[in-house]
Structure formats: structure tokens, C-alpha cells
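Peer 1: Pasting the relevant annotations from Swiss-Prot:
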BINDING   137-194  ATP binding site
BINDING   Gln274, Glu286  Mn(2+) 1 binding site
BINDING   Gln274, Glu286  Mg(2+) 1 binding site
BINDING   Glu286, Asn288  Mn(2+) 2 binding site
BINDING   Glu286, Asn288  Mg(2+) 2 binding site
DOMAIN    110-316  domain 'ATP-grasp'
Amino acid sequence: MNVLIIGGGGRENAIADAIARSERNPALFAVMAKKNPGIAALCEDFLLAKETDVEKVVGYAREKGIEMVFIGPEAPLAVGLADALEDAGIGAVGPRKNVARIEFDKAWARNFMKDNDIEGSPAFKVFSDKEGLQEYIEELGSVAIKPAGLTGGKGVKVMGDQLPDTGAAYDYAVSLLDGDNVVVEENLVGEEFTVQAFVDGKNLAFTPCVQDHKRAFENDFGPNTGGMGSYSDSDGLLPFVTIDDLYHAREIMKATITALGATETPFKGMLYGQFILTKNGPKVIEFNARFGDPEAMNVLPLLKTDMIDVMSAVVNGTLDELDVEFLKRATVCKYAVPAGYPDEPSKDKEVVVGNIGDALLFYSSVYEKDGKVYTTSSRAVAVVGVANSITDAEVIAQNALENITGDLHFRRDIGTPELVQRRVTHMEQIRR
């Protein structure tokens, strides 16, 4: 079987690795904007092209006799790549454009949840101009300001160190109104966690919970990023997430897929639910229509079920006939990013990977030239420790990072006992 992966980041490197482990011995191909050495090493062939160039991607898929495509990033979904592939008779793991909209139009997503009585939304309003904007911000008091469109996780700002007062929140919202709608939401207090699921249009196969860390600097300071690292626990939960919390989060995702199915376009691919665990249970921060990055790198190395079987079940609508299983291990993923990331990243600097021991290595936004690897303006290399405990997995990941050299920055605190305990204590205080 010939399988194509779209995208050239760390998430796609993890997807490619999972496909390459298949006992079905698929021939793997890729379309990516820059040569990711981790993906290229696993491929029979690859095309360097814009991942949003639908005509070129479909043409390449036809040329190579591709039977299934795994679409990694969100941008190709937003331009209808899954639609074009399916219309060409090629199976796509990735939803069609009108249901992928749940990610790339946050205003539509909130209204969709409201219209379908799906639990988990905070108080919110969508604004296309300044009328009533200041009054609503003042009414809520503490707010989150979100551009409606795709921002790579970096456009959202919340009250606190990012927006010190309602005046700053108003000014930021006004700055986003140029060419886009703005979503103003109640700023929820709690701990964030991610639940991801393979979806075949009606059935969901859930992966272990993960907690991502968006802030650039240790102790959760600095600007938002695409994600500096993440961890998962061996029981599929998180130290601050109960079975009941997870049940409610999954029920929200199931209700969302059921409602999307009623639109006459089945949602086939990955549904990513980013939740915040509050005093009143899990609430939805956002939905994404693909694997998270870095969260894919936590869960895919644990996948026991053959990835080709999972992809086939997604495409054919038969996930209910497949037992999708994961190893009961803990993981810690840490990113090395260019110095100055995300605001003023150091570009075109060589990255040298030394002895990473037992860690897994996933290349992200880098490029290979003359046998050497260089940074771009985004996250460079991720390492993943896999062990029986989060603490042991963190040690594996951190030791690996220490042996990757270049003009790079990383967070040492992700997955450490101190940071994990801080999350647990925070939730204990909130639940009182």
C-alpha cells in the first residue's frame, strides 16, 4: 500500500514514524514545504511543495498511486485538501473543509456548540466591529480574546500577564478586528489538558490525555508559542484529571461529532479537544481538526494497534470494529527552539544532534542542506522520553536535550515533579 503524509513538522515526523512501524509494510511518501530529515529518511520519495497547493498535492498522489493520505497540519484542511483527495478517489485521514471549520473559524465553532446544545462553552460573544465590544468586556471582567481564524496557537491572549486590564483587552480586540471577527470569552480558571481521538464520522477512538505548555519560558511566563513541550501519564489520565473529568470531556467530543455528522458531511480524521478543567468540570477552550503538535509525539509512540489499520478504519467508517490500544507508559516531550522564539527567532543556524540515549527524536521546522540541519523561524527539534513514570520520562528527555547543540532554547521544567505537583495543587485549590 502506498501512503502519503502531508506536512513537515514534528507532528508529521511522529505520524510518519507510526506509519513506518506498520506490519503492513506500506510505502511512505510525503509532501512538505522544506526537507524534514526525519520524515525524508522514512520515505520512498517526497515532494517539496506548499502543502496548501491542492492541485499539486493531488497530482503527486495520483502519480505515486497513493491509496491513503494522512493530512498533518491545519492549513491544507482549511483549503479543502481532504475534499479534493476524496473526490479523486483517494482516502483521506483529515476532515473535509466544511467540518474542519470547527478549527479554522472559532466564531463558527462557538456558535455551533451553542446551536447544538453542546456542553462546555464559556460565556462568549462574537464581534465583527467595535459596537458593544467594550461593554461586553467590562461585563465579563476577566476575558480571553481570540481571533476567529487560524493563528497557530499564538493569537489568543488572556487577562493576566498578557492583558493587564480590561482596557488592554479592548485595545487588543480592536487590533484584531481588521479583517477578522473576534471572539470575546469568559476567562476560565483551571488547568488545561488535551484529549485527541481518531474519528471515522461517527465513532471515536481516544488517545491518552496530554498536557501541553504554550508559554515560551519556564514557570509559564512569556508569549504563547505553538507548544514548548508536553507530558502524558501511564494510566491515560493526568495527575490532576480524574476518570470522571475524562468521561465528561469525551462526552463533549462525542456530542460534537454527532452534531457534525448531522451536517451531512462526516468528520473523518483527528478531533483534538483542548479543555480547561474548572471547578465546574471540563470546559472547551477550542477544537482542532488534526493532531496536536507536540501532543502527537506523546501518544503516537505508544500506539500498539497498527497505524495502517487505524487509518483504514477512519477512512472506511469501521473504527467500531477495531480495538485501538496504547502502551501504558508515561511520556515527556520537550522542544528545542531557535533562540528568541517566538518573537525574534534566530534562523539558519546549524542544529547538531549528539547522543540522545533512549529518547525518541522528531525533527520539526528545520531544513536539511548538504547533509546538515538548520533552524527556520519556528520550533526545531523535539525529544520524547518514554518510561513507567512522568519523572523518569522527563529525565530521559532532558538528558537528550543537553546533547543537542545550536543557537537553541528549551524549557527545563516541563514534566518535572515540581511543575506537575504545582498543577495538582492548583486543581486541589480550585475544587475546594
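From the backbone N, Cα and C atoms, a Cβ is placed for every residue, glycine too.
What you see is a predicted model, and the numbers here were worked out from it, not measured in a lab.
Would you situate these features in the structure and describe their surroundings?
Peer 2: DSSP assigns Ile145 (ATP binding site) to a strand in the three-state reduction. The Cβ of Ile145 (ATP binding site) lies under 8 Å from the Cβ of Val156, Lys157, Val158, Leu163, Ala169, Tyr172, Ala173, Leu176, Val182, Val183, Val184, Glu185, each on the same chain and at least six residues away in sequence.
In the three-state DSSP assignment, the secondary structure recorded for Glu286 (Mn(2+) 1 binding site) is strand. Within its own chain, Glu286 (Mn(2+) 1 binding site) has Glu103, Lys106, Ala109, Lys146, Gln274 as residues 6 or more apart in sequence whose C-beta sits under 8 angstroms from its own.
Sequence-distant neighbours of Asn288 (Mn(2+) 2 binding site) (same chain, 6+ apart, CB under 8 A from its CB) are Glu74, Glu103, Met270, Leu271, Tyr272, Gln274.
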Peer 1: Of all the binding-site residues given, Ile137, Ala169, Leu177, which residue's CB has the most CB neighbours within 10 A?
Peer 2: Ala169
Peer 1: Within 10 Å of each Cβ, count the other Cβ atoms, then let me know which of the binding-site residues Asp161, Glu185 comes out lowest.
Peer 2: Asp161
Peer 1: By the DSSP assignment reduced to helix, strand and coil, which category contains Phe193 (ATP binding site)?
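Peer 2: For Phe193 (ATP binding site) - judged by DSSP and reduced to three states - the answer is strand.
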Peer 1: Within 10 Å of the Cβ of Phe193 (ATP binding site), how many other Cβ atoms can you find? Include all protein chains, please.
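Peer 2: If we count other Cβ atoms within 10 Å of Phe193 (ATP binding site), we arrive at 27.
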Peer 1: For the domain 'ATP-grasp' (110-316), what is the mean per-residue pLDDT, to the nearest integer?
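Peer 2: Within the domain 'ATP-grasp' (110-316), the model's average pLDDT equals 95.
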